[in-house]
Amino acid sequence: MVNAVPSSPESPFLAACRGEEPGRTPVWFMRQAGRSLPEYKQARAGTSMLEACRTPELVCEITMQPVRRYGVDAAIFFSDIVVPLAAIGLDIEIVPGVGPVVAEPLRTEADLKRLRNLDPCDVGYVTEAVGLLRKELGDTPLIGFAGAPFTLASYLIEGGPSRDHAKTKALMKSRPEVWHGIASRLAAICGEFLRVQVEAGAQAVQLFDSWAGALSEADYRTYALPHSTAALAGVAESVPRIHFGVGTGHLLEAMAETGAEVSGVDFRIPLDEAAKRLPDKVLQGNLDPALVLADDAALTAETDRVVAAGRAAKAHVFNLGHGVLPDSDPGKLKLVVDRVHETTTR
Ligand SMILES: Cc1c2[nH]c(c1CCC(=O)O)Cc1[nH]c(c(CCC(=O)O)c1C)Cc1[nH]c(c(CCC(=O)O)c1C)Cc1[nH]c(c(C)c1CCC(=O)O)C2
């Protein structure tokens, strides 16, 4: 008889995502790779953000940096939400300190044809980088991700980052058929981008609808929900799906209707309150990223509070309520990881 290969130790992150009781509360951070790490700044020196995303060895190195330094329970693939848009030929740049900037914003029906489907060959560097990472990561799971249609559309329609998303909302209301055309094409692109990552070996995905909080619940349901649902459908049944937005307390139930197994909660809503509203969902969150800049006593107390509130959920994946701020001290993030692990290991 052939000896069975010892199964790898159960990942606390994947167990929690499935709604099972993990051996400890898993923790990872949105934007855990990036400017808060000196080794990131060194690795990125002289390479533009998009160029870095297209260089598999560099993607692998940068993705691994926070895993090595913090001992987090999951890695997030180093890329950006606009990578698939640049890959289909849109002229997009990521400007340091600003964000994605689009040379010719989308505004009219004629612009629809610029949103062609994503072919896996367009992002061969993603497939290659995920393959490298699976070997490097061992038992640590890799999270793939994409931007949701509304958040991507906002960059494409506004031409860059926007506080009020005014042009996007105006287009939505005055030309709904153009809006739905743009958003459904973006859904196909981000669904394909997620599929590429999962097929290459990502064991979970996160859909970032960072700016969905700018919509009322009624508008979210009409203009965003169907497209986010379509984007996530492509990887349903294959891996756990996390869904996240900022300032989306009024949208928790509506966003949960996309079918994602895990609901990201930003820091404005306590996890125990979110758990009451979403009893069937695994919750991810929600330490205020600003607290990482507080003193150790305040940071530890707040970490403990989030862990305690998370016990009300079906299962809890500890995270920040939004991405790591660039001024964060990596030592403080390590303190958070260690505290969560020490206080929750069964
Ligand atoms: C809205 C959004 C974007 N990109 C992303 C979102 C959704 C998440 C969120 O709400 O923050 C998603 C993203 N962007 C990046 C990741 C990598 C994985 C991770 O560690 O989380 C992820 C998951 C790398 C990145 N994406 C970007 C950086 C900084 C680039 C640099 O180092 O110069 C990183 C590490 C650039 C980027 N790209 C974007 C912005 C707003 C910026 C910041 C611009 C700046 O302040 O310089 C668009």
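Each residue, glycine too, has its Cβ placed from N, Cα and C.
What TrEMBL says about a protein is an automatic prediction, not a curated fact.
It should be emphasised that the depicted structure is a prediction, and the values quoted were computed from it without experimental measurement.
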Task: Same substrate site per TrEMBL - residue from HIS322, HIS341 joining ARG31, GLN32, ALA33, GLY34, ARG35, ASP80, TYR155, SER210 - done: HIS322
Task: Number of Cβ atoms other than its own within 10 Å, given for TYR155 (substrate binding site) - done: 26
TODO: With DSSP as the yardstick, break the domain 'Uroporphyrinogen decarboxylase (URO-D)' (26-35) down into helix, strand and coil residue counts.
DONE: 0 helix, 1 strand, 9 coil
Open item on the list: Are there residues at least six beyond either end of the domain 'Uroporphyrinogen decarboxylase (URO-D)' (143-159) with Cβ under 8 Å to its Cβ atoms? List them, or say none.
Closed with: 28, 74-77, 79, 81-82, 84-85, 90, 92, 99-102, 105-107, 130, 165-168, 171, 179, 182-184, 186-187, 189-191, 193-194, 197-198, 202-212, 215, 223-224, 227-228, 231, 242, 245
Task: Surrounding CB atoms that lie within 10 Å of the CB of ARG31 (substrate binding site), all protein chains - done: 17
